[in-house]
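Participant: Below is one structure. I have some questions about it.
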């Protein structure tokens, strides 16, 4: 777990909390990793207010960087990297942002830094991005196999983002509905 929070915007003390089923599935996924590798969780729960700020900030940044886009195009582009608050997975406790580390605790080469958007990474943030080094592609394949074996789905615009039980998961798996809705941060204070 990344207790530093240096790569995430959330300052919630609950940023590493996840639904019990999500945590259990992560343990299952860990059993599918090669010896010497472990997951390094950067973020799980994110307060809805933080999600709203992140979305608004990213949208404002895109308006500056891409003035040729109309509002509908901007909203679509913004939603590729930051989920709109109404459907955001992290406030449900059903999403994980993670990477892989070796036995020495060093992060593996995944082709681009965690949390880099498409502009910063030249598109390497996309899970199936072409042009990755052989090593980065192999490392992503290890991550993908382990997470999928445990029932997680990946958000394809972010190689590091995986979920189980949120709305995106339901849409991708054909489940009739999400298992989890957003949780107000004040409810987590008692946990």
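Yeah, the Cβs are placed from backbone N, Cα and C, and that goes for glycine too.
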Participant: From 32, 161, grab the residue that TrEMBL records in the same Zn(2+) site as 90, 97.
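Facilitator: According to TrEMBL, the candidate sharing the Zn(2+) site with 90, 97 is 161.
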Participant: In terms of DSSP three-state secondary structure, what is the assignment for residue 158 (active site, proton donor/acceptor)?
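Facilitator: Its secondary structure by DSSP: coil.
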Participant: How big is the Cα-to-Cα gap, in Å, between residue 97 (Zn(2+) binding site) and residue 46 (site 'Transition state stabilizer')?
Facilitator: 11
Participant: Sequence order is fine: just name those recorded positions in 90, 158, 161 with a Cα within 10 angstroms of residue 46 (site 'Transition state stabilizer').
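Facilitator: Cα filter at 10 Å returns 90.
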Participant: Look up residue 90 (Zn(2+) binding site) in the DSSP assignment and reduce it to helix, strand or coil.
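Facilitator: Assignment for residue 90 (Zn(2+) binding site) reads helix.
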